[in-house]
Amino acid sequence: MPGNSFGELFRITTFGESHGPMVGVVIDGVPAGLPIKKEDIEFELSFRRPGRQFVTGRREKDEPEIVSGVYNGRTTGAPITILVKNTDVISSLYEEIHYKPRPGHADLPYIMKYGFENWDYRGGGRASARETVGRVAASAIAKKLLMLTDTWIAGHLKSLGYVELNEPVTFEEVLCSKYSPVRASKKWLEKKYEELVKQATVEGDSWGGIAEIIVRNPPIGLGEPVFDKLKADLAKALLSIPAVMGFEYGLGFNAAKMKGSEANDEIVKKGDKYRWKFNNSGGILGGLSTGEDILVRCAFKPTSSIRKPQKTIDLRTGEETTISVIGRHDPAVAIRGVSVAEAMVSLVIVDHAMRAGYIPTVRISDDQIKIIEERWNKYISLCKPTQVSQ
């Protein structure tokens, strides 16, 4: 089963299954000298962690264990391996789906490709979103490296079901949405999202949503024409996330409804710099970053595992039957999906920053360490749960 690695210079390989002993990631290409603590990784994982209100009831501690590539609190330049144990597994809840593939899931395609006898049906196996733990763990290191360029990345849930945010939002509000149980950047929006999630839970159903990720202060010129354009790599990164159905940046699909005179980014002079007046392009033109904030969105479909009865096939008889999925599932996978989308954007940006020479590939100097630590501590402490806007 190839296809488990992502990135060029900053390269990750994830491993593990939903109900296996552990999941994890190997990170290649991290320069030596970067200060890394277990707490740095735990901070990012905490916003993806299950077992909280409005998400799956599976209670995983998600405590990372760094087993290689770090010595005396600093990276050595060798591959970094991070393990996260699966501690709250109830495989008996999945016995029915062994013979009844779930609608909307990868069950049947996996069976057809790899064979029924080779398919790990427990919790979705390798196709489970549990795999994304490794991506989020790696993003802590990516985000810390990006402190060198003072590049910050944050995401929020722009829409859930039919409720959508259609008013301006600041980067600080987006950053503080980490502490919202439904990743809302406004208090009024949080209440509406919570009502929808409660409704879906009662009905045994689910909702989809749209995650929006902002890259603040990205370096200019990230991206490599022609097939490694920044937008292309961002699209691949986000579309690789389980349940993601679509990707757009800047104006996105709305640009198709506009005239060129409306959609074009006018170039203006601000001080001694050339800037774009509206940033309609979402910080990317010609596949290269412009220096404006990068704005991307990805659409998550509703969680496929629902209690409502649906048609499927009983593989023992070959006949149609029904299935009601019993287990611990997110009523809206987009809520925790924001953290994963944020992580994937971080991995793309740090990889291209290294390729463009903005971040060293061999060793971090002592002066650079001071800059990284100062900015990272600011990132950790900047927002508090009470700062989610009204």
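Keep in mind that glycine also has a Cβ here, set from the backbone N, Cα and C atoms.
Now, the feature entries from Swiss-Prot:
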- Arg48: NADP(+) binding site (BINDING)
- Arg126, Ala127, Ser128, Gly286, Lys301, Pro302, Thr303, Ser304, Ser305, Arg328: FMN binding site (BINDING)
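Scoring each of the binding-site residues (Arg48, Arg126, Lys301) by how many neighbouring Cβ atoms lie within 10 Å, the top position goes to Arg48.
Listed binding-site residues: Ser128, Thr303, Ser305. The one with the lowest count of other Cβ atoms within 10 Å of its Cβ is Ser128. Between the alpha carbons (Cα) of Ser305 (FMN binding site) and the residue listed as 'NADP(+) binding site' lies a span of roughly 19 Å. Each residue contributes its Cα atom, and for Arg126 (FMN binding site) and Arg48 (NADP(+) binding site) these two points are 18 Å apart. Here Arg48 (NADP(+) binding site) is positioned 14 angstrom away from Ser128 (FMN binding site), judged by their C-alpha atoms. DSSP classifies Lys301 (FMN binding site) as coil under the three-state reduction.
When the alpha carbons of Lys301 (FMN binding site) and the residue listed as 'NADP(+) binding site' are compared, the span between them is 18 angstrom. The CA atom of Thr303 (FMN binding site) is located 16 Å away from the CA atom of Arg48 (NADP(+) binding site).
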